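Engineer: Sharing a structure, written as structure tokens. Questions coming.
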């Protein structure tokens, strides 16, 4: 029994363990309670000698009569009291309800944290948590911070389910439905950049995605226009002069048919003379009638006419004068080949995508393009030819210039005629 009492007395009333026995200090008053030196709030030599436990420090000073009455108690009862007092309540055990500590509700904890004053503490019985409503129909509610005291209890709050009304989605307009999603995303991104919005993490991926979309759109457009790009070899080379005023402009050009062109147009393009004397005619509403109120594209072009590669000062001035005269007068060039009108227009009248594709291939912004009027309906749109009957009907035959050979002897003859023309001119 003595060994049991001794083991009970050698327990620290702060941590509840025996620990290092040499570091245990006994209370100087009751000689029962013990505490480790490293568990004391203030550890010093004087504290270890005059150590007073918590019970003795709170106990009032006893007079002589009280001490004498204690001595009158039987020894067995005094030993039992001493053993019970040597077992303090550890901190990890639940504090009894008769203690001075009281539980407070989470609402009071929140008010204390915010600095508000609380009136009488109120206690609420935890309510059972109801079944969780479906996702998307409730608003998330911010919970209270968890109390860090050892005796705090978690109070479950019932979340109020708030049913949101269905959001009304407006239908897209027909014009918006025709726009590609990638183009709309790119336009919205460009607007955000224009407003000065800063890029965040992940914008690099979005920028990469927009570039991929633009590249795919351009590739699709290229695939559609590849059959109508200029052929690899030129079919005509010569000079273009104004028949009314030959001295106004005089430039050297070369013509390339489209990769796929009507057979009659291909035959007529080979019959163009070396010296092409054209007549400037106002365009008016001709393009609107020919192309049904839309801008012409590469699929409508039958012959491309590019300036020669000469970069002399005289040739550059003549070339620029031709394009400037057509722009100022809003005119086109007209020439009859075996009774069939050939109309030549400026590159600025094509749609933007066609201009960009030709610029990527030929590295030039200014070029000419021509079409042949092979039908009676197209002849009726041109002033002065409404009663004219087409000499060469369109039989539907299409020439593929990427696979069919060209007549190179014709090109050699064109070179000789040009040399003879230059000699006569000089």
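Any Cβ shown, glycine's included, is placed from N, Cα and C.
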Engineer: Which one of these stretches, 9-59, 60-110, shows up in Swiss-Prot as zinc finger?
Structural biologist: 9-59
Engineer: Which stretch does Swiss-Prot mark as region 'Disordered', out of 185-205, 206-226?
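Structural biologist: In Swiss-Prot, the region 'Disordered' feature sits at 185-205.
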Engineer: Among all protein chains shown, how many Cβ atoms are found within 10 Å of the Cβ of residue 39 (Zn(2+) 1 binding site), not counting that one?
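Structural biologist: There are 18 such Cβ atoms around residue 39 (Zn(2+) 1 binding site).
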Engineer: How long is the line from the C-alpha of residue 56 (Zn(2+) 2 binding site) to the C-alpha of residue 15 (Zn(2+) 1 binding site), rounded to the nearest angstrom?
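Structural biologist: Per the Cα atoms, residue 56 (Zn(2+) 2 binding site) and residue 15 (Zn(2+) 1 binding site) stand 18 Å apart.
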Engineer: Kindly assign residue 12 (Zn(2+) 1 binding site) to one of the three DSSP-derived states: helix, strand or coil.
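Structural biologist: The residue in question, residue 12 (Zn(2+) 1 binding site), is strand (DSSP, three-state).
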Engineer: What does DSSP assign residue 39 (Zn(2+) 1 binding site), in three states?
Structural biologist: helix
